[in-house]
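Below: the structure, in structure tokens.
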Amino acid sequence: RRSAVVAPLLLVALQLAGAASAAGLPMVINTWAFRKAAETAWRVLQLGGSELDAVERGCGQCEIDQCDGSVGYGGSPDESGETTLDAMIMDGNTMEVGAVADLRRVKNAIGVARKVIEYTKHTLLVGESASLFAVRMGFPYEDLTTQNSLSVYSKWLNQSCQPNYWKNVLPDSSKSCGPYKRPEKVTSKEEETVSQRSVHNHDTIGMVVIGASGAVASGTSTNGAIHKIPGRVGDSPIAGAGSYADSTAGGAAATGDGDIMMRFLPSYQAVEYMRMGTDPTVACQKVISRIQKYAPRFFGAVVCANTTGSYGAACNKIPGFTQFHFMVSSPLLGQPTEQVVDCI
């Protein structure tokens, strides 16, 4: 008799859980308080666009707006003063990825990444060849340098090229602009320093979009680390590092010190935790904790969302970065809403 009562109650509970999860979808979650990017992606979904469309347009909005100078043209000049772009987009239904890195003279990096999925059997195109591909796909060549990026570059030159990303070279990279060469032998290993990237110099929009049916897409766009060594590619265009999408589990996106974070594939790891039933917030915290063991003072954060519409975020606590702001859009919130999480 008891089982006869329990069965209907269980059915009601399952139906309520299903209704709650459906109410949380569709969803857009993105790194940082990039409101216009969130609004653009959300509007695309409302107008019937696909999850991939929403990711492309949302991240593309940040490229147009030059979000915080760390996305799109006119920001983060490298050691030679040039701005180059990295981006990726991932389809969680097919597991296809399109990405570009070290893209030059083309502004819409995530748009080019989408074309890599649509018109090639490849995953990642880089450098001048990626730019040539973009032009074939109809994107115009445009100068990515602005007065602002030129002034940032000249100021850096005047400060003996500080900060930079060299180590164990001659002349001393902390006092000189080089050109550098390697010494006969490396005498000492430099101490790990607190990340040069900080809350005032963050470096990516990462976005996850989950449709009403639970289909997942993700993407990133960035102009990378300011004053990077030319040719440097960070985590943003690397599948599983910058972002990851799997419609059977969820999606995640990372931001921060890509040189460290990409070694741990945090977005892939977070999605795998969620696949095992881990709550999105806990999944995000676990990947941050894993990196902390090796680089306790790294700068970084991750956003996570599963296919039921649950979401979360986590960040590593360092001086000047104790909270992480991100955007969430869902029917439950009514409109794109800024959220904040305390770093761990």
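Using the three backbone atoms N, Cα and C, a Cβ is placed for every residue, glycine included.
Record features (TrEMBL):
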| type | residues | note |
| --- | --- | --- |
| ACT_SITE | Thr204 | active site, nucleophile |
| BINDING | Arg232, Val233, Gly234, Asp235, Thr255, Gly256, Asp257, Gly258 | substrate binding site |
| COMPBIAS | 181-194 | compositional bias 'Basic and acidic residues' |
| REGION | 177-198 | region 'Disordered' |
| SIGNAL | 1-22 | signal peptide |
Distance check, please: Cα of Gly258 (substrate binding site) against Cα of the residue listed as 'active site, nucleophile', rounded to an integer number of angstrom. 9
Any idea what the Cα distance is from Arg232 (substrate binding site) over to Thr204 (active site, nucleophile), rounded to a whole Å? 15
Students should find that the Cβ of Gly256 (substrate binding site) has, within 10 Å, a number of other Cβ atoms equal to 30
Around Gly234 (substrate binding site), how many other C-beta atoms are within 10 angstroms of its C-beta? 25
Those residues of the chain, 6+ apart, with a Cβ under 8 Å from that of the residue listed as 'active site, nucleophile': Thr31, Ser70, Val71, Thr220, Ser221, Thr222, Asp235, Ser236, Gly242, Ala253, Ala254, Thr255, Gly256, Gly258
Within 10 Å of the Cβ of Gly258 (substrate binding site), how many other Cβ atoms can be counted across all chains shown? 29
